[in-house]
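Here's the structure we're looking at; comments come further down.
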Amino acid sequence: MIELGVNIDHVATLRQQRHTAYPDPVQAALRAEDAGADLITLHLREDRRHIQDADVYAIRPLLRTRMNLECAVTPEMLEIACAVKPSDVCLVPEKRTELTTEGGLDVAGAQAAVTDAVQLLAEAGIRVSLFIDPDARQIEAAARAGAPVIELHTGAYAEARDDAAVQAELARVRAAVAEGLRHGLRVNAGHGLHYGNVQAVAALDGIAELNIGHAIVAQSIFDGWDKAVRDMKALMVQARLAAVRGHA
């Protein structure tokens, strides 16, 4: 069944706004697991704008599920990842001026560096994912780099405003899923997904995992953290089951 990775970055964003000790991302991670999260995702950025090094080290030994650590392809971040040894590392692009990750990693344009990073992490026993746009060229480059997993950037789908654009972007994601599977890759997806748009993506056969954070944190203000996580997971599972029944 499709899995939910709960991204806790914006729990840390709220904390860092006042440099307080609360809300605690560790507590958010453990509560998310209790509410049905299949893994916990967190992004240690170079600018440390939300998740801090201490969060990563504190959360890692406490999780009962998987830790998916997002980080840039830099010596510092790769060193931290190898020290922490999460089950998964997702390599992502970073710009200091961006509000959130603006696009996928250009694997094709940095083939050697990404390949070296994938090999380094794999030798440390870490499964590597590459966060890329739903583009055949990038998928092929990810396969050449030796990454066993890709995460498709769903931002363009999430930002599409009219039905024609939504359907076009969804078709693009669907084609990318098929291309990833053709290369023997595990295919995940995420970015910009929320309670109103997640089901169309969750219904796509071949997507193993969705990573979602901002929408869950936002909804938790009104519904509470546990319910926000449970409701997102329920939407995903319902969509996948309906799709399976439709194909039967």
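The backbone N, Cα and C atoms fix where each Cβ goes, glycine too.
Copied over from Swiss-Prot:
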type	residues	note
BINDING	Asn7, Arg18, Gly192, Gly213, His214	3-amino-2-oxopropyl phosphate binding site
BINDING	Asp9, His10, Arg45, His50, Thr100	1-deoxy-D-xylulose 5-phosphate binding site
ACT_SITE	His43	active site, proton acceptor
ACT_SITE	Glu70	active site, proton acceptor
SITE	Glu151	site 'Transition state stabilizer'
ACT_SITE	His191	active site, proton donor
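Overlay of Swiss-Prot feature records on the structure.
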residue : record                                      : Cβ contacts under 8 Å, 6 or more apart
Asn7    : 3-amino-2-oxopropyl phosphate binding site  : Thr41, Leu42, His43, Gly190, Asn211, Ile212, Gly213, His214, Ile216
His10   : 1-deoxy-D-xylulose 5-phosphate binding site : His50, Gly213, His214, Val217, Ala218
Arg18   : 3-amino-2-oxopropyl phosphate binding site  : none
Arg45   : 1-deoxy-D-xylulose 5-phosphate binding site : Ile51, Cys71, Ala72, Glu94
Glu70   : active site, proton acceptor                : Thr41, Leu42, His43, Leu44, Val89, Cys90, Leu91, Val92, Phe131
Glu151  : site 'Transition state stabilizer'          : Cys90, Ser129, Leu130, Phe131, Ile132, Val187, Asn188, Ala189, Gly190, Glu209, Asn211
Gly192  : 3-amino-2-oxopropyl phosphate binding site  : Thr154, Gly155, Tyr157, Ala158, Glu159
Hey, does DSSP put His43 (active site, proton acceptor) in a helix, a strand, or just coil?
strand
Alpha-carbon distance [the residue listed as 'active site, proton donor'; Asp9 (1-deoxy-D-xylulose 5-phosphate binding site)] in Å:
13
Per-residue Cβ crowding (10 Å cut-off), top of recorded positions His43, His50, His214:
His43
Starting from the Cβ of the residue listed as 'active site, proton donor', draw a 10 Å sphere and report how many other Cβ atoms land inside it.
26
Reading the DSSP string in three states, the entry for Glu151 (site 'Transition state stabilizer') is strand
Glu70 (active site, proton acceptor) - helix vs strand vs coil (DSSP):
strand
Pairwise over Asn7, Arg18, Gly192, Gly213, His214, annotated as binding 3-amino-2-oxopropyl phosphate, what's the top Cα to Cα distance to the nearest Å?
25
